[in-house]
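**Q** Just dropping this structure here.
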Amino acid sequence: MPTATAAQPLRPFGTVLSAVVTPFTASGAVDLDAAAALAVHLVEHGHDGLVVSGTTGESPTTSDEEKDRLLRAVLDAVGDRVHVLAGVGTNDTAHTLELARAAEKAGAHGLLVVTPYYNKPPQAALAHHFTTVADGTGLPVMLYDIPGRSGVPIETETLVRVAEHERIVAVKDAKGDSWGTSWVLARTELAYYSGDDAVNLPLLAQGASGIVSVVSHVAGREYAAMVAAVDAGDLVTARAIHTRLLPAVRGIMTRTQGVVAVKAALELTGVLSGRAVRPPLLPATPEEVAALAADLALAGLAPAPLDA
(Lines of atoms letter the chains of each structure in order from A and count residues from 1; the text may use other names and numbers.)
(Lines give C-alpha, C1' and ligand atoms only; values in the text may rest on other atoms or scores of the structure.)
Protein backbone atom coordinates (compact mmCIF):
# COMPACT_ATOMS: atom_id res chain seq x y z
CA MET A 1 0.00 0.00 0.00
CA PRO A 2 1.36 3.48 -0.81
CA THR A 3 2.15 5.68 2.14
CA ALA A 4 1.38 9.33 2.70
CA THR A 5 4.07 11.97 3.01
CA ALA A 6 4.11 15.34 4.72
CA ALA A 7 3.49 16.97 1.34
CA GLN A 8 1.07 14.48 -0.20
CA PRO A 9 -1.51 12.54 1.83
CA LEU A 10 -3.08 9.37 0.48
CA ARG A 11 -5.80 10.16 -2.04
CA PRO A 12 -7.65 7.01 -3.10
CA PHE A 13 -10.65 9.01 -4.33
CA GLY A 14 -9.12 12.31 -5.43
CA THR A 15 -9.29 15.61 -3.58
CA VAL A 16 -12.47 17.60 -4.27
CA LEU A 17 -15.68 15.57 -4.31
CA SER A 18 -19.27 16.74 -4.17
CA ALA A 19 -21.94 14.83 -2.34
CA VAL A 20 -24.03 15.27 -5.45
CA VAL A 21 -27.66 16.32 -5.35
CA THR A 22 -30.25 14.24 -7.18
CA PRO A 23 -32.22 16.43 -9.61
CA PHE A 24 -35.95 15.81 -9.81
CA THR A 25 -38.49 16.78 -12.44
CA ALA A 26 -41.50 18.89 -11.56
CA SER A 27 -43.48 15.66 -11.15
CA GLY A 28 -40.94 14.26 -8.68
CA ALA A 29 -39.16 11.74 -10.92
CA VAL A 30 -35.38 11.44 -10.93
CA ASP A 31 -34.12 13.59 -13.79
CA LEU A 32 -31.33 11.49 -15.28
CA ASP A 33 -30.50 13.98 -18.02
CA ALA A 34 -30.08 16.77 -15.46
CA ALA A 35 -28.01 14.46 -13.26
CA ALA A 36 -25.64 13.69 -16.12
CA ALA A 37 -25.36 17.36 -17.06
CA LEU A 38 -24.69 18.31 -13.44
CA ALA A 39 -21.95 15.69 -13.21
CA VAL A 40 -20.25 17.11 -16.30
CA HIS A 41 -20.55 20.63 -14.90
CA LEU A 42 -18.96 19.63 -11.60
CA VAL A 43 -16.08 17.85 -13.31
CA GLU A 44 -15.49 20.96 -15.41
CA HIS A 45 -15.47 23.08 -12.25
CA GLY A 46 -12.75 21.64 -10.08
CA HIS A 47 -13.96 18.19 -9.08
CA ASP A 48 -12.02 14.95 -9.41
CA GLY A 49 -14.60 12.84 -7.61
CA LEU A 50 -18.36 12.56 -7.13
CA VAL A 51 -20.47 10.77 -4.53
CA VAL A 52 -23.85 9.64 -5.83
CA SER A 53 -26.79 8.78 -3.54
CA GLY A 54 -25.38 10.16 -0.33
CA THR A 55 -27.36 12.18 2.19
CA THR A 56 -27.29 15.24 -0.07
CA GLY A 57 -28.45 12.98 -2.88
CA GLU A 58 -31.61 12.32 -0.85
CA SER A 59 -30.85 8.61 -0.73
CA PRO A 60 -33.44 7.90 2.01
CA THR A 61 -36.19 8.85 -0.44
CA THR A 62 -34.93 7.18 -3.63
CA SER A 63 -35.62 3.55 -4.46
CA ASP A 64 -32.93 0.96 -5.13
CA GLU A 65 -33.87 1.00 -8.81
CA GLU A 66 -33.59 4.79 -8.93
CA LYS A 67 -30.19 4.64 -7.25
CA ASP A 68 -28.98 2.17 -9.85
CA ARG A 69 -30.21 4.23 -12.80
CA LEU A 70 -28.78 7.42 -11.31
CA LEU A 71 -25.37 5.84 -10.74
CA ARG A 72 -25.26 4.47 -14.27
CA ALA A 73 -26.20 7.86 -15.72
CA VAL A 74 -23.38 9.58 -13.84
CA LEU A 75 -20.89 6.87 -14.76
CA ASP A 76 -21.87 7.13 -18.41
CA ALA A 77 -21.37 10.90 -18.26
CA VAL A 78 -18.08 11.19 -16.36
CA GLY A 79 -16.97 7.76 -15.17
CA ASP A 80 -13.93 7.81 -17.43
CA ARG A 81 -12.77 11.15 -16.01
CA VAL A 82 -13.22 11.11 -12.22
CA HIS A 83 -13.76 8.83 -9.24
CA VAL A 84 -17.46 7.98 -8.83
CA LEU A 85 -18.53 6.58 -5.46
CA ALA A 86 -21.92 5.10 -4.71
CA GLY A 87 -23.60 5.79 -1.40
CA VAL A 88 -24.84 2.39 -0.23
CA GLY A 89 -25.16 2.83 3.52
CA THR A 90 -28.34 1.85 5.33
CA ASN A 91 -29.16 0.63 8.83
CA ASP A 92 -29.58 -2.94 7.52
CA THR A 93 -26.39 -4.85 6.72
CA ALA A 94 -28.08 -7.18 4.25
CA HIS A 95 -29.63 -4.27 2.35
CA THR A 96 -26.32 -2.40 2.33
CA LEU A 97 -24.67 -5.47 0.82
CA GLU A 98 -27.33 -5.62 -1.89
CA LEU A 99 -26.74 -1.98 -2.78
CA ALA A 100 -22.96 -2.46 -2.70
CA ARG A 101 -23.09 -5.40 -5.09
CA ALA A 102 -25.43 -3.54 -7.41
CA ALA A 103 -23.07 -0.56 -7.41
CA GLU A 104 -20.12 -2.80 -8.23
CA LYS A 105 -22.08 -4.35 -11.10
CA ALA A 106 -22.93 -0.88 -12.41
CA GLY A 107 -19.26 0.07 -12.46
CA ALA A 108 -18.82 2.29 -9.40
CA HIS A 109 -15.24 3.02 -8.41
CA GLY A 110 -15.88 2.91 -4.68
CA LEU A 111 -18.50 2.81 -1.93
CA LEU A 112 -19.57 5.32 0.72
CA VAL A 113 -20.90 3.46 3.76
CA VAL A 114 -22.53 5.54 6.47
CA THR A 115 -22.77 4.45 10.09
CA PRO A 116 -26.06 2.55 10.54
CA TYR A 117 -28.60 5.04 11.84
CA TYR A 118 -31.50 4.84 14.27
CA ASN A 119 -30.69 1.37 15.64
CA LYS A 120 -27.45 2.73 17.23
CA PRO A 121 -25.19 -0.37 17.07
CA PRO A 122 -22.40 -0.71 19.65
CA GLN A 123 -18.82 -0.45 18.41
CA ALA A 124 -18.26 -4.18 17.88
CA ALA A 125 -21.41 -4.31 15.77
CA LEU A 126 -20.27 -1.29 13.75
CA ALA A 127 -16.96 -2.98 13.00
CA HIS A 128 -18.78 -6.15 11.94
CA HIS A 129 -21.12 -4.16 9.69
CA PHE A 130 -18.31 -2.29 7.96
CA THR A 131 -16.07 -5.31 7.43
CA THR A 132 -19.00 -7.42 6.21
CA VAL A 133 -19.79 -4.82 3.57
CA ALA A 134 -16.11 -4.51 2.63
CA ASP A 135 -15.93 -8.30 2.26
CA GLY A 136 -18.96 -8.27 -0.03
CA THR A 137 -17.38 -6.60 -3.07
CA GLY A 138 -13.97 -5.86 -4.52
CA LEU A 139 -14.49 -2.09 -4.27
CA PRO A 140 -12.62 0.28 -1.93
CA VAL A 141 -14.73 1.68 0.89
CA MET A 142 -15.03 5.14 2.41
CA LEU A 143 -16.71 5.07 5.81
CA TYR A 144 -18.98 7.97 6.73
CA ASP A 145 -18.70 9.08 10.36
CA ILE A 146 -21.57 11.47 11.09
CA PRO A 147 -22.96 10.90 14.60
CA GLY A 148 -25.18 13.97 14.38
CA ARG A 149 -27.34 12.06 11.90
CA SER A 150 -26.59 8.43 12.72
CA GLY A 151 -26.69 8.75 16.51
CA VAL A 152 -23.43 6.81 17.00
CA PRO A 153 -19.81 7.84 16.39
CA ILE A 154 -17.19 5.51 14.99
CA GLU A 155 -14.78 5.58 17.91
CA THR A 156 -11.04 5.88 17.43
CA GLU A 157 -10.26 2.29 18.37
CA THR A 158 -12.96 1.03 16.01
CA LEU A 159 -11.47 3.02 13.15
CA VAL A 160 -8.02 1.67 13.95
CA ARG A 161 -9.44 -1.86 13.97
CA VAL A 162 -11.35 -1.67 10.69
CA ALA A 163 -8.43 0.10 8.98
CA GLU A 164 -6.72 -3.30 8.94
CA HIS A 165 -9.19 -4.37 6.23
CA GLU A 166 -7.54 -3.96 2.84
CA ARG A 167 -10.62 -2.42 1.23
CA ILE A 168 -11.50 0.06 3.99
CA VAL A 169 -9.32 2.92 2.82
CA ALA A 170 -10.96 6.22 3.74
CA VAL A 171 -13.23 8.10 6.12
CA LYS A 172 -15.62 10.94 5.40
CA ASP A 173 -15.37 12.79 8.69
CA ALA A 174 -18.30 14.87 9.91
CA LYS A 175 -17.81 14.11 13.59
CA GLY A 176 -16.04 17.28 14.67
CA ASP A 177 -13.48 15.46 16.85
CA SER A 178 -10.15 16.98 15.89
CA TRP A 179 -8.28 15.11 18.62
CA GLY A 180 -9.67 11.74 17.56
CA THR A 181 -8.97 12.47 13.91
CA SER A 182 -5.36 13.26 14.73
CA TRP A 183 -4.94 9.91 16.45
CA VAL A 184 -6.49 7.94 13.60
CA LEU A 185 -4.30 9.73 11.07
CA ALA A 186 -1.25 8.97 13.21
CA ARG A 187 -2.07 5.30 13.74
CA THR A 188 -3.50 4.20 10.39
CA GLU A 189 -3.18 4.77 6.66
CA LEU A 190 -6.84 5.76 6.34
CA ALA A 191 -7.36 8.71 4.02
CA TYR A 192 -9.51 11.37 5.67
CA TYR A 193 -11.99 13.51 3.75
CA SER A 194 -13.73 16.44 5.38
CA GLY A 195 -17.47 15.90 5.45
CA ASP A 196 -18.29 19.28 7.02
CA ASP A 197 -17.69 22.38 4.93
CA ALA A 198 -17.23 24.51 8.04
CA VAL A 199 -14.02 22.65 8.90
CA ASN A 200 -12.59 21.86 5.47
CA LEU A 201 -9.49 23.97 6.05
CA PRO A 202 -8.73 22.71 9.59
CA LEU A 203 -9.01 19.09 8.46
CA LEU A 204 -6.84 19.69 5.41
CA ALA A 205 -4.25 21.32 7.63
CA GLN A 206 -4.32 18.23 9.86
CA GLY A 207 -3.52 16.00 6.91
CA ALA A 208 -6.87 15.21 5.33
CA SER A 209 -6.72 14.01 1.74
CA GLY A 210 -9.56 16.17 0.49
CA ILE A 211 -13.20 17.04 0.96
CA VAL A 212 -16.62 15.54 0.27
CA SER A 213 -18.54 18.77 0.09
CA VAL A 214 -21.96 20.28 -0.39
CA VAL A 215 -20.83 23.88 -0.96
CA SER A 216 -18.47 22.64 -3.68
CA HIS A 217 -21.49 22.39 -6.00
CA VAL A 218 -20.99 26.14 -6.47
CA ALA A 219 -17.36 26.49 -5.32
CA GLY A 220 -15.49 23.52 -6.77
CA ARG A 221 -12.67 25.54 -8.28
CA GLU A 222 -12.25 27.52 -5.09
CA TYR A 223 -11.95 24.37 -3.01
CA ALA A 224 -9.52 22.84 -5.51
CA ALA A 225 -7.38 25.96 -5.10
CA MET A 226 -7.60 25.62 -1.31
CA VAL A 227 -6.38 22.02 -1.44
CA ALA A 228 -3.55 23.00 -3.77
CA ALA A 229 -2.54 25.83 -1.44
CA VAL A 230 -2.44 23.50 1.57
CA ASP A 231 -0.37 21.02 -0.42
CA ALA A 232 2.07 23.82 -1.23
CA GLY A 233 2.28 24.87 2.42
CA ASP A 234 0.64 28.20 1.59
CA LEU A 235 -1.79 28.51 4.47
CA VAL A 236 -2.14 32.26 3.89
CA THR A 237 -3.77 31.62 0.52
CA ALA A 238 -5.78 28.67 1.86
CA ARG A 239 -7.08 30.79 4.73
CA ALA A 240 -8.06 33.59 2.35
CA ILE A 241 -10.15 31.15 0.29
CA HIS A 242 -11.70 29.71 3.45
CA THR A 243 -12.61 33.19 4.67
CA ARG A 244 -14.06 34.24 1.34
CA LEU A 245 -16.33 31.17 1.27
CA LEU A 246 -17.66 31.58 4.82
CA PRO A 247 -20.87 33.35 3.72
CA ALA A 248 -21.58 30.56 1.22
CA VAL A 249 -21.06 27.92 3.90
CA ARG A 250 -23.39 29.85 6.19
CA GLY A 251 -26.02 30.21 3.48
CA ILE A 252 -25.97 26.61 2.33
CA MET A 253 -25.30 24.73 5.55
CA THR A 254 -26.95 26.69 8.38
CA ARG A 255 -30.22 28.29 7.24
CA THR A 256 -32.03 25.08 6.24
CA GLN A 257 -31.08 21.56 5.21
CA GLY A 258 -27.99 21.54 3.01
CA VAL A 259 -29.66 19.76 0.10
CA VAL A 260 -32.54 22.24 0.12
CA ALA A 261 -30.18 25.21 0.08
CA VAL A 262 -27.67 23.87 -2.42
CA LYS A 263 -30.40 23.02 -4.92
CA ALA A 264 -31.56 26.61 -4.61
CA ALA A 265 -27.95 27.75 -5.09
CA LEU A 266 -27.65 25.66 -8.23
CA GLU A 267 -30.85 27.23 -9.53
CA LEU A 268 -29.60 30.72 -8.68
CA THR A 269 -26.35 30.10 -10.54
CA GLY A 270 -28.14 28.65 -13.57
CA VAL A 271 -26.84 25.09 -13.20
CA LEU A 272 -30.23 23.51 -12.43
CA SER A 273 -33.59 24.63 -13.76
CA GLY A 274 -35.42 23.93 -10.51
CA ARG A 275 -34.94 23.19 -6.83
CA ALA A 276 -37.41 20.34 -6.25
CA VAL A 277 -36.76 17.99 -3.33
CA ARG A 278 -38.71 14.98 -2.13
CA PRO A 279 -40.92 15.02 0.95
CA PRO A 280 -40.57 15.18 3.85
CA LEU A 281 -38.23 17.95 2.69
CA LEU A 282 -39.71 21.05 1.07
CA PRO A 283 -38.04 23.39 -1.43
CA ALA A 284 -36.42 26.59 -0.21
CA THR A 285 -38.89 29.41 0.39
CA PRO A 286 -38.59 32.76 -1.41
CA GLU A 287 -37.26 34.26 1.80
CA GLU A 288 -34.62 31.53 2.12
CA VAL A 289 -33.64 31.97 -1.52
CA ALA A 290 -33.20 35.72 -1.05
CA ALA A 291 -31.00 35.22 2.01
CA LEU A 292 -29.00 32.58 0.17
CA ALA A 293 -28.51 34.87 -2.83
CA ALA A 294 -27.09 37.51 -0.52
CA ASP A 295 -24.70 35.01 1.05
CA LEU A 296 -23.53 33.75 -2.33
CA ALA A 297 -22.98 37.30 -3.52
CA LEU A 298 -20.83 38.03 -0.47
CA ALA A 299 -18.73 34.99 -1.36
CA GLY A 300 -18.43 36.13 -4.97
CA LEU A 301 -20.40 33.15 -6.24
CA ALA A 302 -23.66 34.68 -7.49
CA PRO A 303 -25.27 37.90 -8.67
CA ALA A 304 -26.79 40.42 -6.28
CA PRO A 305 -29.65 39.23 -4.02
CA LEU A 306 -32.97 38.45 -5.63
CA ASP A 307 -36.18 40.07 -4.51
CA ALA A 308 -38.27 37.70 -2.41
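Glycine residues also receive a Cβ, built from the backbone N, Cα and C atoms like all the rest.
Remember, it's a predicted structure, so these values are computed and weren't measured experimentally.
Annotation source Swiss-Prot lists active site, proton donor/acceptor at TYR144, citing sequence analysis. Residues or ranges marked as active site, schiff-base intermediate with substrate in Swiss-Prot (evidence: sequence analysis): LYS172. Taken from Swiss-Prot, the feature pyruvate binding site covers THR56, VAL212, and the record attributes it to sequence analysis. Per Swiss-Prot, site 'Part of a proton relay during catalysis' is recorded for THR55, TYR118.
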**Q** Give me the CA-CA distance between THR56 (pyruvate binding site) and TYR144 (active site, proton donor/acceptor), in Å, as a whole number.
**A** 13
**Q** Write out the long-range same-chain contacts of LYS172 (active site, schiff-base intermediate with substrate), meaning residues 6 or more apart in sequence whose Cβ is under 8 Å from its Cβ.
**A** LEU112, MET142, LEU143, TYR144, ASP145, ILE146, TYR193, SER194, GLY195, VAL212
**Q** Rounded to the nearest angstrom, how far is the Cα of THR55 (site 'Part of a proton relay during catalysis') from the Cα of TYR118 (site 'Part of a proton relay during catalysis')?
**A** 15
**Q** Using a 10 Å cut-off on Cβ-Cβ distances across all protein chains shown, tell me which of the recorded positions (TYR118, TYR144) has the largest neighbour count.
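**A** Of the recorded positions TYR118, TYR144, the highest Cβ count within 10 Å belongs to TYR144.
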**Q** Using DSSP and collapsing to three states, where does THR56 (pyruvate binding site) fall: helix, strand or coil?
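**A** DSSP call for THR56 (pyruvate binding site): coil, neither helix nor strand.
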**Q** Where does TYR118 (site 'Part of a proton relay during catalysis') sit in DSSP terms: helix, strand, or coil?
**A** coil
**Q** What residues, ordered by sequence, lie under 8 A Cβ-to-Cβ from THR55 (site 'Part of a proton relay during catalysis') and sit at least six positions away in the same chain?
**A** ALA19, GLY87, VAL114, ILE146, ARG149, VAL259
